[in-house]
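Listed features, source Swiss-Prot:
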type	residues	note
CROSSLNK	Lys33	SUMO2 cross-link
CROSSLNK	Lys66	SUMO2 cross-link
CROSSLNK	Lys97	SUMO2 cross-link
CROSSLNK	Lys147	SUMO2 cross-link
CROSSLNK	Lys199	SUMO2 cross-link
CROSSLNK	Lys281	SUMO2 cross-link
CROSSLNK	Lys353	SUMO2 cross-link
CROSSLNK	Lys454	SUMO2 cross-link
CROSSLNK	Lys467	SUMO2 cross-link
CROSSLNK	Lys498	SUMO2 cross-link
MOD_RES	Ser17	phosphoserine
MOD_RES	Thr120	phosphothreonine
MOD_RES	Ser122	phosphoserine
MOD_RES	Ser129	phosphoserine
MOD_RES	Ser134	phosphoserine
MOD_RES	Ser135	phosphoserine
MOD_RES	Ser208	phosphoserine
MOD_RES	Ser333	phosphoserine
MOD_RES	Ser338	phosphoserine
MOD_RES	Ser340	phosphoserine
MOD_RES	Ser486	phosphoserine
REGION	62-123	region 'Disordered'
REGION	213-235	region 'Disordered'
ZN_FING	414-467	zinc finger
Amino acid sequence: MDRMTEDALRLNLLKRSLDPADERDDVLAKRLKMEGHEAMERLKMLALLKRKDLANLEVPHELPTKQDGSGVKGYEEKLNGNLRPHGDNRTAGRPGKENINDEPVDMSARRSEPERGRLTPSPDIIVLSDNEASSPRSSSRMEERLKAANLEMFKGKGIEERQQLIKQLRDELRLEEARLVLLKKLRQSQLQKENVVQKTPVVQNAASIVQPSPAHVGQQGLSKLPSRPGAQGVEPQNLRTLQGHSVIRSATNTTLPHMLMSQRVIAPNPAQLQGQRGPPKPGLVRTTTPNMNPAINYQPQSSSSVPCQRTTSSAIYMNLASHIQPGTVNRVSSPLPSPSAMTDAANSQAAAKLALRKQLEKTLLEIPPPKPPAPLLHFLPSAANSEFIYMVGLEEVVQSVIDSQGKSCASLLRVEPFVCAQCRTDFTPHWKQEKNGKILCEQCMTSNQKKALKAEHTNRLKNAFVKALQQEQEIEQRLQQQAALSPTTAPAVSSVSKQETIMRHHTLRQAPQPQSSLQRGIPTSARSMLSNFAQAPQLSVPGGLLGMPGVNIAYLNTGIGGHKGPSLADRQREYLLDMIPPRSISQSISGQK
């Protein structure tokens, strides 16, 4: 087919532009079909010519007249692996009789590289059949079908109808994309829930295994210590080391109920106290008191490791309770003259405090943790997702600009932009309006909800601890009244008062330990809140309730204490510096994580 000249091509294009659309499409389809057939014929001719060229290389020069017939046949025989000469055509039509008149062929011998190169067909030869549909033709047919469908869709419609149809199709496409993304997100959330369900039992088992170990170690160490006044200097040191280990292990735990379950093992009951003291005798007034006090002192100190994972208000109140309990033991034991009365009072006091502690644990477990606010749906089709809103807004802006280009400038309604009443910002992906009419941005509204939930949980914890302190104060007053009614003797009072001074001295030495061990377990995020809670009015407990006349808690509240303390900033800085754990403990905590 000869090529057209430029004039003929231009004339043909003009004729096609004047023809109707249907005839133009038919002509285009016919032309594509003809071009496809021509391409197939050219490929077949090319393959045939290459076969003939290869046959010319194989045929001997003595037979120039038999090139056409024997060349093609020789090439086909080479492809089949036949090694006999091509000039002998006597046995060509009889299969299986190739080597009757010739010498036998060694099939095991290796063929040389030149022969192997001659036997392999050329990669340029492409064999096509008429039944196969090549990829260019199939792709062109698909394009023709799509083009025909698009032309039929817009046929006989105006510009406005076409724009409306395009907008409708665009909305359908957006809905399909949103549905696809939603299905993907649902699948991801299901996989995450399955992983969480599989991981939680492992963490709980690890917590139940690790946590009770310091309790048993502490009780065994206390039961083996000698019961003499000179051993008082050794026992607090052992208690400190045990307390440090318990705080470090509890800091790695994140489940609060297991810590409280292990705390029940640490708290001694009256039977354990009676078994440690042994049978009461009149001559053992001095020895029973120091043997009883370390056991009772160990109870509040070990309990200070419980609220390490709680909020700071619970930590401060538990620390105050740990200060109260050693003082109450000393003051009750001072006016008791006989060992039987002292044993009964100690048993009743330990039983009452154990019941009070169990009730406090039950109350704290019933208080639910602060629930986070309901999260917004973070997937693409959600209107609460900022990225989705950005894209929709950008699309609307572009569409409005395109629509307004061809129209006259009309008077548009002007709306004042919103401004956040709290942070004064004028841009947010989602505006919120409160009941009182204030308009807030999304970030301010979320922070306000979190603060309200956290404050509510803190108030619940404070009320629970204040109620527990009041009950403990009532128990202490009742025991004081019972002790005042019993007769007293001068020698017993003097001996017990001397023992009371010794115990107060050791209590003052041990008093900072629960606070320091508590500070090691408190996370960094809660330390800033701890200094704020230290100024709360609920902490203004009189010094007489603590049972420690020599201890001043002016670092907790400025109203407590006779002299004027340092400034607020200095006290907060000193308080924060005291809470920084040593390097060795921080390294051990990071190593256990």
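All positions are counted from 1 along the displayed chain.
Each residue, glycine too, has its Cβ placed from N, Cα and C.
Location within the structure of each feature annotated in Swiss-Prot.
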residue: Lys33; record: SUMO2 cross-link; Cβ contacts under 8 Å, 6 or more apart: none
residue: Lys454; record: SUMO2 cross-link; Cβ contacts under 8 Å, 6 or more apart: Pro370
residue: Lys467; record: SUMO2 cross-link; Cβ contacts under 8 Å, 6 or more apart: Thr363
### Query
Roughly how many Å separate the Cα of Ser340 (phosphoserine) from that of Lys353 (SUMO2 cross-link), to the nearest whole number?
20
#### Entry: DSSP residue counts for the zinc finger (414-467), split into helix, strand and coil
26 helix, 4 strand, 24 coil
### Message
Validating a neighbour-count step here. Other CB atoms within 10 A of the CB of Lys353 (SUMO2 cross-link): how many?
### Response
24
### Query
Tell me, what is the mean pLDDT of the zinc finger (414-467)?
86
### Message
Taking 10 A as the limit, how many CB atoms besides its own sit near the CB of Ser340 (phosphoserine)?
### Response
11
